[in-house]
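Trainee: Dumping the structure here so I can ask a few things about it.
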Amino acid sequence: MTWPVKDFNYSDPVNDNDILYLRIPQNKLITTPVKAFMITQNIWVIPERFSSDTNPSLSKPPRPTSKYQSYYDPSYLSTDEQKDTFLKGIIKLFKRINERDIGKKLINYLVVGSPFMGDSSTPEDTFDFTRHTTNIAVEKFENGSWKVTNIITPSVLIFGPLPNILDYTASLTLQGQQSNPSFEGFGTLSILKVAPEFLLTFSDVTSNQSSAVLGKSIFCMDPVIALMHELTHSLHQLYGINIPSDKRIRPQVSEGFFSQDGPNVQFEELYTFGGLDVEIIPQIERSQLREKALGHYKDIAKRLNNINKTIPSSWISNIDKYKKIFSEKYNFDKDNTGNFVVNIDKFNSLYSDLTNVMSEVVYSSQYNVKNRTHYFSRHYLPVFANILDDNIYTIRDGFNLTNKGFNIENSGQNIERNPALQKLSSESVVDLFTKVCLRLTKNSRDDSTCIKVKNNRLPYVADKDSISQEIFENKIITDETNVQNYSDKFSLDESILDGQVPINPEIVDPLLPNVNMEPLNLPGEEIVFYDDITKYVDYLNSYYYLESQKLSNNVENITLTTSVEEALGYSNKIYTFLPSLAEKVNKGVQAGLFLNWANEVVEDFTTNIMKKDTLDKISDVSVIIPYIGPALNIGNSALRGNFNQAFATAGVAFLLEGFPEFTIPALGVFTFYSSIQEREKIIKTIENCLEQRVKRWKDSYQWMVSNWLSRITTQFNHINYQMYDSLSYQADAIKAKIDLEYKKYSGSDKENIKSQVENLKNSLDVKISEAMNNINKFIRECSVTYLFKNMLPKVIDELNKFDLRTKTELINLIDSHNIILVGEVDRLKAKVNESFENTMPFNIFSYTNNSLLKDIINEYFNSINDSKILSLQNKKNALVDTSGYNAEVRVGDNVQLNTIYTNDFKLSSSGDKIIVNLNNNILYSAIYENSSVSFWIKISKDLTNSHNEYTIINSIEQNSGWKLCIRNGNIEWILQDVNRKYKSLIFDYSESLSHTGYTNKWFFVTITNNIMGYMKLYINGELKQSQKIEDLDEVKLDKTIVFGIDENIDENQMLWIRDFNIFSKELSNEDINIVYEGQILRNVIKDYWGNPLKFDTEYYIINDNYIDRYIAPESNVLVLVQYPDRSKLYTGNPITIKSVSDKNPYSRILNGDNIILHMLYNSRKYMIIRDTDTIYATQGGECSQNCVYALKLQSNLGNYGIGIFSIKNIVSKNKYCSQIFSSFRENTMLLADIYKPWRFSFKNAYTPVAVTNYETKLLSTSSFWKFISRDPGWVE
């Protein structure tokens, strides 16, 4: 529904409808009622300034009152004309909000989000209509005084700005109560303070891309985004999910490190900004906030069911109306008794909308405007714009007017390109400064060496102690310990298109009868002043270096110097880190050749700033920018001065001024009640512990990502900002010198070359933009490298210690209860050992769906791709090398391509050969000294069980090189030198009885070689074996690689290989996992072998937790039956998967697809359905929150809801599984928990069931199902 936005003039008279006089006691500036305009339902605009200070003043204060930049103008909104402009400006912005679907939905949420009539102190059976958190008094001037005549219950009041015009806020109206309804689900009305004509500015310095035409620059925020940001705070307040102020990130402030003395950054702000910065809040805390909100909403639903009274009692006739209003607001359902209840799916959708979808990052993408990349982005001098002028700002385009070409690169927001964006007077701006002073001797301090740095020019680095430490606490595990799983990933399109917000909501009349509210006497707030900070340093740091590069005002004789000290001592000298530039600039114009001189100067500068270096010792980054060191004097005293050498020696941590060494505290231990004596409770405790172990790994990874985003990336981004400043200062000096020389130039061509001179100066900005792209790439690679190389190994090391302790405790628990657990001891120990066999991979995309972070990681991944010297891919049904080196690839006639996956090939008979001849241009050192080989392989059972040795990949000539062999279920990598001395790596991949092996399954093999160290063998990203190879003699590598099975005579002996790559670098463990994640195709559901699961194909189905049993019908109910022969996988009743949406026959099944399962039974097909009758966990029990349903067969193959399932991919190192969900009557359940005979009435078999409390089962292996297809590689 689109709510119309009404037009008003400030001079319009009060009308007892949508123009009223309201008394706002929170505003200490105005003690009389103020004129208010309802521009759309429940949203009022009051064109007045606002202050809650005890002694309010709009004048510029003597000292900063904000740690951010402040701007003061006491005359703003002092006239009716200005108030009219403000009113119409807000109206125009609301009309612009209504231009997009996301904006319409925002307004809709605000309109129907009236705060609850009451709070936690209100009796649970009562609506209280006298609360100041919901009501505003309406007054009229009668008989010489103001009198209250009515009330209104608005959602939002929009005032003009605070004394600091740049301080946009959305505050609450509280009555001195101890609790806060905005935190407790009830909600409160919201008061906004905004100034839409005054615009914050930011730079795109840290963005991934910028135009080579317009270059990087300073941009202003679109006022519609600034307003929507504050309205999102209002949403959180109205819906009672506002986050308390103690949930925040504190800045790290220390004597020896330069970071912002900034305010605490509230979680509320990070949610409202959205995007990448939300990931700073650890997942565990985000889940807790959601659970808290869910609990509050359940309490409110309970209240609604009990309410039968009102305050005042005369309003009792309104009970049903307000019950309807609040049930629509919270999206409650009614159960079969007519009571209001929370629908979990609807709650999740609403909560996701309010906390994820409604955010500044999403708004800016939907309105196609330029916006700051991070919440911590640096702000610059604000600007002013007349947004009422359609020649400047329109409802459709904002500042980026198409008719002026301002839509290109958002140049309408570019303060250098759009003359309508007027810079504010710096005299009215107040900044907080850090005074930096050079300590001349140990005890000597000289103020003449001090410089002043704006607080917002320092990086914001979070205090690590302000990031949740809960994962480091000890935890007691019982049979009742649950894992709460909630994903805050969201689909924007689904959110915009869904119909969750009521289409025709119940609406209250704007003007309501007076309810005689108690007077609200709120005390004013005391103004807090901040003082500048002084810090002493022992050397000229980056702030001194930047200061030395600034151009002084009114200097007539500019010279460049390569001495920082000299530049700091003389106003006419500018420091440059480019000696050749200083020489050319200082030489000046010779023999009247002005244009030649100017061209030489510009060319020297632009050539130097585009330089990049590569160092063989650095494998972490593709290039380095050598002049960053002399531009900013980065690094410690031992390494300062030689940036390249320092970087090669110390790595990326060398760039971090503060806290370069990442540390992780010891993880808390899991403990168990040793007194447990019930068999089922012990088993359940073990299962819960394994689930909690997985959660501990995920929480630890999330904690690491939070630290990286809030403590590391902010420091790296700060280098970007400083380098942009540095290059801009250099360009300013060059421009000023060109202007001075041009002013003195008296040549006859002076006027003719004027435009060329201007073009030269403009070209500096373009080249700075290109240089910044290189710098950004370098800095981003450094940041990601720090995550993967400095942080991840330490986290995994601590997790491995935690695993060792936990596994030991679990085995001890089983051993100490072996009598009670008779018959289950071996199975439980095997399950524990298997669970702890592999570490959980770190896939950063599991912790964020932010597009910017994905771009950064993909860029890092591309640097891995850049090192490929062979990459076999299928193009137009031919196997070719796509590495760029164009190796010759010859495929034998009998080789089958693209048999299972796009880039695979099948080898069977001895005549099947693929011969690859590498490009001769590949350097010897590049292919061997640091090299890696990776590929996916699938080896048939008969080839595995053979006792012969088969060479399957061979690159040995004249007794030297490498090869890959198979023998007795082992895969062996052999590296051999010219003297036939060799080293080998061996991995046993053969099938075990517990189905944990790799026979005939796809698995990922990586071998890395380093001639000065080790060669290593990885399987699915896990290091399995390493061997020193530095004692080998010379290894001559053949440029020919032959794929084939030597001496093969059995037609059932075959193998498949896909995605074969050779890299000219030693891939790290993190690199390998990135390649693995990029090739595993998680969106494609896999069968037991790792092949794509397909529709209209027969499968045998087994449960991962009960691999010794197959699924079969018994009395029309599905049960698990013991295998008569565990080596026979093709046992039982085959299942065919059918598509609900008529997908192409035999097409791949994707993650989340809806499916129907048909089972062949007694030569007839049946549909598997979920029974509609509940099986109770204890016979005769009641179905409450833990309903259990059996699976059964139905002869009718129609498309019925109880037979529709959705499927989700589960991939775990050496097994491919799926989870299956049942959707029926809006009650989503997971097929999980094999219910054992003693647990309910089915006495003779283990039975698969559907359970409603599926959130606690998502990590349980009893919910993992495997589909076994008849495969040529497994012949029975």
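Note: Cβ is positioned from N, Cα and C throughout, glycine not excepted.
The Zn(2+) binding site annotation in Swiss-Prot covers H229, H233, E269 and is backed by experimental evidence. If you look up Swiss-Prot, you'll see E230 marked as active site. Under the heading region 'Translocation domain (TD)', Swiss-Prot lists 443-862, citing experimental evidence as support. Annotation source Swiss-Prot lists region 'Belt' at 458-547. What Swiss-Prot records for 863-1082 is region 'N-terminus of receptor binding domain (N-RBD), Hcn'. For 1083-1276, the entry in Swiss-Prot reads region 'C-terminus of receptor binding domain (C-RBD), Hcc', with the evidence type experimental evidence. For T1172, D1173, K1192, R1239, the entry in Swiss-Prot reads N-acetyl-beta-neuraminate binding site. Taken from Swiss-Prot, the feature region 'Ganglioside-binding loop' applies to 1235-1245, supported by experimental evidence.
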Trainee: Note the Cβ centroid of H229, H233, E269, the recorded Zn(2+) site, then list each other residue of that chain whose Cβ lies within 8 Å of it, in sequence.
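Mentor: So the extra residues in range turn out to be A170, E230, T232, E268, T272, F273, E360.
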Trainee: Per-residue pLDDT averaged over the region 'N-terminus of receptor binding domain (N-RBD), Hcn' (863-1082) comes to what?
Mentor: 83
Trainee: Can you name the residues of this chain that are 6 or more positions from H233 (Zn(2+) binding site) yet have a C-beta less than 8 Å from its C-beta?
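Mentor: Result: T169, A170, S190, N242, E268, T272.
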Trainee: How many other Cβ atoms sit within 10 Å of the Cβ of K1192 (N-acetyl-beta-neuraminate binding site)?
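Mentor: Looking across every protein chain shown, the total is 19.
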Trainee: In which DSSP state, out of helix, strand and coil, do we find H229 (Zn(2+) binding site)?
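Mentor: It is helical.
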Trainee: Select the most exposed residue of E230, E269, D1173, where exposure means the fewest other Cβ atoms within 10 Å, treating these as the recorded positions.
Mentor: D1173
Trainee: Determine, from DSSP, whether E269 (Zn(2+) binding site) sits in helix, strand or coil.
Mentor: helix
Trainee: What whole-number Å value do you get for the CA-CA distance of E269 (Zn(2+) binding site) and T1172 (N-acetyl-beta-neuraminate binding site)?
Mentor: 46
Trainee: Between the Cα atoms of H229 (Zn(2+) binding site) and T1172 (N-acetyl-beta-neuraminate binding site), what distance do you get, rounded to the nearest Å?
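Mentor: With the alpha carbons as reference points, the distance is 46 Å.
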Trainee: By a simple count of other Cβ atoms within 10 Å, which of H229, T1172, the binding-site residues in the record, is least packed?
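Mentor: Across H229, T1172, these binding-site residues, the one with fewest Cβ atoms within 10 Å is T1172.
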Trainee: Return only the integer: C-alpha distance in Å from E230 (active site) to T1172 (N-acetyl-beta-neuraminate binding site).
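Mentor: That separation, Cα to Cα, works out to 48 Å.
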